[in-house]
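**Q** Sharing a structure with you now.
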Amino acid sequence: MAREFSLANTRNIGIMAHVDAGKTTTTERVLYYTGKIHKIGETHEGASQMDWMEQEQERGITITSAATTAEWKGNRVNIIDTPGHVDFTIEVQRSLRVLDGAVTVLDAQSGVEPQTETVWRQATEYGVPRIVFANKMDKIGADFYYSLSTLGDRLGANAHPIQIPIGAEDDFIGIIDLVTMKSEIYTNDLGTDIKETVVGSDEFNAELAALDFNAEEYTELANEWREKLIEAIADFDEDIMEKYFAGEEIPEAELKAAIRKATINVDFYPMLAGSAFKNKGVQMMLDAVIDYLPSPLDIPAIQGVNPDTDEEDERPASDEEPFAALAFKIMTDPFVGRLSFFRVYSGTLDAGSYVLNTSKGKRERIGRILQMHANTRKEIQTVYAGDIAAAVGLKNTTTGDSLTDEKAKIILESIEVPEPVIQLMVEPKTKADQDKMGVALQKLAEEDPTFRVETNPETGETVISGMGELHLDVLVDRMKREFKVEANVGAPQVAYRETFRAGTSARGFFKRQSGGKGQYGDVWIEFTPNEEGAGFEFENAIVGGVVPREFVPAVEKGLVETMANGVLAGYPMVDIKAKLYDGSYHDVDSSETAFKVAASLAMKEAAKTAKPAILEPMMKVTITVPEENLGDIMGHVTARRGQVNSMEAHGKSQIVNAFVPLAEMFGYATTLRSSTQGRGTFMMVFDHYSDVPKSVQEEIIAKNGRNAD
């Protein structure tokens, strides 16, 4: 079957925002206007098309990235609706990795919120061009220009309106397009009855006068903001700059082309206005997706490495190139089993054919290829460059794996996975649940790389870790619903880490003689602290074979196994460099096991002088409270070992930004509610790991049954 839409007419976009900014409702309206659905489902009624999991419909939030395909004015738009809740940040990250552009949805009353900052930072890391949609213009307190100021103040983003709203709150009646200088005035609730007029024309004046608006004021405002738009875009386009300084009129097509170029280069962020719930501005937002966000042809060729030669390689977006794709999500479907979502960067792929998973070095057969619309599916025979689809039948593929033509191997840049910050103990309620729980947890961990399952070596308990209480709550809930496993769940615990704060060298010597073959392993290892977030690095600096080459991997393995159960309180150790530089062996008695034990002994010896420290997750906390409660909040932060970072006024509220240890935030919602009579709110996002104070460290060590020395 031939390609239905050309690459130039394809858009792969994400819709991302802070929780409750209205992303899913915006996506619903897109599906309605593009003819994908014929009845609009409301998120707050639990009827949304994109929120298809039972938990999503009950909680009114988006947990997984639902993918769907829509068509708009002769273009194919693949849309991924991503969660805004911080606990599901991996869903945003893996979506951004495979998208070409994104729509950032803001709540026009609040502007940029904490999770907006997080997703914006992630999008910047991946170089994703964005347009901004100021949603909820009909809401009490909606302020388009305040939202614009927060983009600059909180994100440092070069955002400029390409539209301005007519009215706000209950009086939000339309939008002026600053590029075309036309207005859209909505005369019915479905947003389908639209009056389009030229700004400043008699018709425009009459329409606004009939609705009690001052047309002259809006004409002036539109001219002023158009001038600012041209001035801003002139920085990125010499032709426009020349025309602007010469006082010449700038044609619509030229202005559009200049905005598109600056947006694709991630120099400029066009800002739009609307109310998805009231069906206003969504069609204009869709037009902006086509006009200003890139097609797969507009972005640089995807970079990778040839696994055979270790040389850099790339794949331009073309059907003629060898097949290359990235698996960005694994999901278990109750009807078809394991689904692997993938983005095709180059080449084509037919159902029933074979691909090579270059990340794992395994051949995989593509059973069926499905095009997804939330949780319904359409079977297709072929996928082309630029497509997003799901494959059935991939047994070994996990998130971040590269799938390529067997004759043209390439490993594409993978997806970075954040470390879990919270953990809890789970145990099956009955013996019958025991085996089922193991299978269920394994399947859930396959789907979600930020979800870890471990067994405590000392107690034999199963410990699950994730990005937050809601994250683990949803996964335990899924275990019950999808796998019919009943489990008892312990109280949430902080996922502490351990590290070394000083450099040292230590010897690990292991010798055992008990008749027959003995054991002999002897190593000298230099330990130094690594950069934060850099993880564990092992270097083999052995010269002259004093430790035979075949035993070196055992030394590394011994260190890794020891680090899994740290030296102070049994927490995983991170950010340490280890250099094996000397040792000795015995011709007969040396073995892998002996060197593994020797490495473990060296690390435990090093702990005596390497100043081991316990690290705790620090959360970036944003607390919004009425002015009269500000004093209480400052007290809350200080009492929780927190540090106030900044404060700002927003209307009659105060916004406090602070860093607070996660350990001190359990139960804070109740404290805040009672001290503000329910008027205060807070959001927290994981920021970094930091050393715990000595007194707290001693408490943690004592609690874990270790000695503080």
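Even glycines carry a Cβ here, placed using N, Cα and C.
Copying in the features that Swiss-Prot gives for the protein in this structure:
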{"type": "DOMAIN", "residues": "8-297", "note": "domain 'tr-type G'"}
{"type": "BINDING", "residues": "17-24, 81-85, 135-138", "note": "GTP binding site"}
**Q** Sort Met137 (GTP binding site) into helix, strand or coil using the DSSP assignment.
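**A** Coil, per DSSP.
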**Q** As a test of reading the model: what is the averaged pLDDT for the domain 'tr-type G' (8-297)?
**A** 83
**Q** Name the secondary structure element type, per DSSP in three states, that contains Ala17 (GTP binding site).
**A** strand
**Q** Cβ-Cβ under 8 Å from Met137 (GTP binding site), same chain, 6 or more residues apart: which ones?
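**A** Ala108, Phe144, Pro165, Ala168, Glu169, Phe172, Ala273, Gly274, Ser275, Lys280, Gly281 - these are the non-local Cβ neighbours of Met137 (GTP binding site), listed in sequence order.
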